[in-house]
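Remarks on the structure that follows.
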Amino acid sequence: GTSPIGFLTLCICSALASDTGPTVDIAGKKIRGLYMDVEKVKISAYLGVPFATATRFAKPTLIETYGEEELSAKELSKTCFQTPDGYFPGFLGSEMWNAPTELLEDCLSLNIWAPENPSGNVIVWIYGGGFFSGSPSLALYNGSVLAAKTKAVVVNINYRVSPFGFFYLGDETKAPGNVGLLDQQVALQWIRKHISVFGGNSDKVTLFGESAGGASVTAHLLAPDSRDLFSKIIVNSGTVRNPWATRSSCRMLYFSMETAKGLGCFDEYEIEQSKTEEDRCTVTKPAVADIYRCLSGKNTKDIQNISDTMYEHMRPMEWPFGPITGDVNFFQGRCTTKKLNDGDYKRDVSAIFGTVKDEGTFWLPYYLYDSGFAFYPEKSEKENAAIIDEQNYKASLKAFEGYFRNNSKALKILEDGFEGESGKETRYRDGVAQFVGDYFFSCSLYEFVDHIWTNLTSTYIYYFPVRSSANPWPEWMGVMHGYEIEYEFGYPFINESAYTNLEKDKKVSEHFIGLIGDFIDKGSFDDAKWPQYNNEKNTLVIDEDTSKSTIRKNIHKQYCEVINKAKEAAIGEADGN
């Protein structure tokens, strides 16, 4: 296959070919983009358009005026500062998720693809990456095909990640936490204000995100100031309920202070926990203003590097910097779970949620390489098959016991519940993959949907079991976390040579994009095509047979029940039962 770089050069050539390029006027400034011809549709792309400014760790400010000179919007947005994935250098399976553009702290810009004869619909893509990584400018997220085929204006927004997006020194400080989510919110305000000049209707905005992007989309349901900025959502493989998506503000304060200490801002510190309020902690020494001043003078890379050392304190699948469950600016309250239970969220919304068949496999070479899941890109499929034995199976599950209060009964329930059919040599390997996928992704997504669906305008769920013929990871890893995105963005139409079974992948992509197009238009489907979610957990299987609709009920029942039993065992013992 071609590298994503090939796609970048293609953009640049078309930019030079038309030295004029389309223009729009925003706040009295001319912004000049470039034309693209995509799938027989003329697209105007405006790339790297700035929408906000922000001081380190602080709330963003919407850009109101752009000055006089023409602004060139012909290069993809820069990427917010982060540590790239260096586990498998040169291997496409990991490199495809690494940003192709420069890493900067000053990164709040958008990529916009506007089709001619637009329908008025707007699709806002919020990338994933665990809140520690991600970019709106990945080749995979090229919005031109989606814009061409749905006639929607597609906007990829940027937001700060890692410590720069989530550093927390206390509610009323210059590092109030959740500023990465506020970046997204300000991008939505910019879109509401300006999208009409690109052919979009600000009342027809669909938020669309995968993984941490999906968690972000659901966070906007709970954020009072986001509610009027969109009317539909598409959420892949992540919600604000997923275990990795949020952490307590006290925990975030601890990691932030440890990072500041590691940077030499002070030798010791004190944090006081509130006696009356749940999850409210305050730094009592040194003075927060002094800490902030010290951090303001530090080098970007040093802050990132020291914050990366916090991983030593983390469980697998847990990332130190990310959204906190309570803050004054974004959630405007202390507890997201309470908001969900009280029904305190946007209800006038139509929603699609979805999971892929093998949510867990991607993570195994990263977190369980010592337990038989080591992966060597240069070795054969057979050598990378990760056929683990019972000992490694138990060691793998034990790596996650911290999520079950280190309870031995809970661990035993998981071991018994996830072991595959006896006699199958893959049964231990597949059991671990099943657990990671269901615990960290699928079960918590369904749990979130079960909480809210009766209050929403309409709710649909899909399950995606198609493996891409461009997937560079071993065959056994299946339909991996994040590998439905290429179908939703029409990547087979952009990078044909990457696919060994192009016809199949184009067909599935066309079908998936068609469903998205229908949804952003109407917010609902005919029952025969895609029945709404219900108590039986109706789920549409989006597979290679695009001519008929296959509905399955309660797909994840067996394993989610095992997980719930293990959780109950852990809680029961902790409560002294």
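Backbone N, Cα and C atoms are what each Cβ position is placed from, and that goes for glycine too.
For 1-17, the entry in TrEMBL reads signal peptide.
Annotation comment: TrEMBL describes 22-561 as domain 'Carboxylesterase type B'.
Look at TrEMBL and you will find S211 tagged as active site, acyl-ester intermediate. S211 (active site, acyl-ester intermediate) carries neither a helix nor a strand DSSP state and counts as coil. S211 (active site, acyl-ester intermediate): 27 other CB atoms within 10 A of its CB, across all protein chains.
Reduced to three states, the DSSP call for E359 (active site, charge relay system) is coil. Residues annotated as active site, charge relay system in TrEMBL: E359 (among others).
The active site, charge relay system annotation in TrEMBL covers H481 (among others). Every protein chain shown contributes to the tally, and the Cβ of H481 (active site, charge relay system) ends up with 25 other Cβ atoms within 10 Å.
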Measuring Cα to Cα, how far is H481 (active site, charge relay system) from S211 (active site, acyl-ester intermediate) in Å?
8
Using Cα coordinates, what distance in whole Å links S211 (active site, acyl-ester intermediate) and E359 (active site, charge relay system)?
10
Please give me the CB contact count at 10 A for E359 (active site, charge relay system), counting all chains in the structure.
28
